[in-house]
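Database features, via TrEMBL:
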DOMAIN    A:284-450  domain 'Helicase ATP-binding'
BINDING   A:512, A:515, A:552, A:555  Zn(2+) 1 binding site
BINDING   A:521, A:524, A:539, A:542  Zn(2+) 2 binding site
DOMAIN    A:547-701  domain 'Helicase C-terminal'
DNA sequence: AGCACGCCGACT
DNA sequence: GTCGGCGTGCTC
């Protein structure tokens, strides 16, 4: 029977975002399974592209003539039924292409690279042969183009002396070995045996092996033949010529045997609160319920131990576990705690691995050698089977949402997979996102709380320093007097200090240095952003624009200026104030090199420095007992951002760094420097009071019609010419507005903060809605209609539930 | 994306 | 008259 494959091709456009039918050559019929990658000819020139087989049918839907699959790229499917389905739904939900989703779900090594070559197929004059082909019989298209010989090649093509060939390659070289398989049936082999001379012992032996293989339907490696029967490759080649067997190359797994012995740890006794939370989750695991738990517990309350014991319970049931942590929290310590408990059953996927290493780790999971997967965002697509629990630690982290296409949220994918496998999902955080906390309120998620630290230790004392006051008293440095005193004190005692510089919102808004006033938009209750290109203050939501103020409208101080400082500058300042202090700086500049991050942290852990100065990246996974003082140099830069999540982000950051101080037997102290000491995010963080912050922030979101009260979608249009982007945005609004519900709010269009990025102008709208069943189909329609313009350099990005608006 | 088909300007 | 510009539309 003829079989046909439905293939998603690697051509990321809206028009080609659908399966194409291909004829499966008989030779591949037993081989091809949905989820495998294949090479197919596509388009007029039948250039070869990579494709994913999504289905196999015995009747093609396409009426025209079908092309054939030209090669099978995998031995086993790289995507299973589950992931094929998830990818398809994700494409629909995130307004992206199926091919992009499938590629995102796989290690980069499996994305194909393409090569175009010109090959000689007929005799050409000798001089041409040398100056065009350099005496070879094929050259790359790129080389021909670079040497300017394409026109000549076109001539030869017309004469059918050359052809263009396309080569599809994997990014990494898979290790392959040569294997033999019989080409004749058992009986035919028997006949061959009868025809042999009596002295041809080796050949008889080979035929015996082939007969065995014929019965077992297996292959044997040429290496094994040599080893077990002393059959040399020459005999094999001979046999191949006689047509007894064929030689095939088969991929073998690389051996990633790196047995680093981790010190094994044992489960710790649980506190009663931990026990209660653990039991609730354990029940769901046992009963295979797809419940979503929100595990809320302050730093040090023992969330990790609950994860570990839940995973242990899942492994006991012969199931697997998937755990996501933010990329920056994927530290050696973190890995150690998992490998320490579960040993080699743990696979870790992180950005520090090379493409090949990531692929090997992925293979290890795929062939079910690893039962526990720990990794960042994209690990949610790890090919684990029979999942028993999915854990997302630090669930509030915005890095779980991918900021490029497909703009998926790992949390959504986790819940999807939880449903598919009928297993619980645990969202853990000390400061849950408002969305998740609100869902717990509505009993969509089950709230589990760990109110106390395991060691019953009090949370560190948080001192809020009013920087306006410091300014008034003539202190113009980045360090307030209380912070300076604290630093001096710790250095004297030989204790360590962490200083955090909040880079968020660096230099993009103006604030009064005397009273902390930040210029708000008269229409939107959100601060205005400084646009240096136009020298104006702009509102990102409504487009309101005004001049940059020269004095504070409230206190009339002339010290109103843009706010923000770099780590390097702070380091210099620090060294001037404390010439004897040893400082380690950690920011993008000092951690760019691979492994630098860990090296710096290890050095700090070994007490080679007194002060660790850094940006956001030091807020996480930093667990040194000797740190007794944490200073936040500028707590409120995020507060000045025109983002409705800025209070939430500030609260989360402050709470997070507070957790870094004094975790051992030393009492910790936190000094928070701010120009907004009375801001509720700062106030509630000082008191470690999430619940009241949550209530307050919910009110604010309710007032401003923001999530979780509204759903949001942002649409961005960009083009090299500003008016084209702006006009398209207008067009989009005109297209959408008539069909939207009365209570739906459309903000914009407004130009983006950095209006021109990569020579492109950006315009954006934000749609806030409660119920818009037609919005998704309309946005899909919009993308379809805009195809022509998109091919002319216009870009349209649709982001459902965007994380930021800057 | 990339290739071919198709309809208007400066050339042998 | 033709060669070739790149606008338009399709790819199983």
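Each residue, glycine too, has its Cβ placed from N, Cα and C.
Unlike curated entries, TrEMBL annotations are predicted automatically.
Of the listed binding-site residues, namely A:512, A:515, A:521, A:539, A:555, the sparsest CB environment within 10 A is found at A:555. If you measure from the Cα atom of residue A:521 (Zn(2+) 2 binding site) to that of residue A:555 (Zn(2+) 1 binding site), you get 18 Å.
For the recorded Zn(2+) 1 site, residues A:512, A:515, A:552, A:555 set the reference point as the centre of their Cβ atoms, and the other residues of that chain within 8 Å of it by Cβ are A:513, A:514, A:516, A:517, A:553, A:554, A:556, A:557, A:559, A:560. In three-state terms derived from DSSP, residue A:555 (Zn(2+) 1 binding site) belongs to neither a helical nor a strand segment and is classed as coil. A straight line from the CA of residue A:552 (Zn(2+) 1 binding site) to the CA of residue A:539 (Zn(2+) 2 binding site) spans 18 Å. The shortest Cα-Cα distance from residue A:539 (Zn(2+) 2 binding site) to any of the binding-site residues (A:512, A:515, A:555) is found for A:512. Over all protein chains present, the Cβ of residue A:552 (Zn(2+) 1 binding site) has 20 other Cβ atoms lying within 10 Å. Across all of the domain 'Helicase ATP-binding' (A:284-450), the predicted model scores a mean pLDDT of 94.
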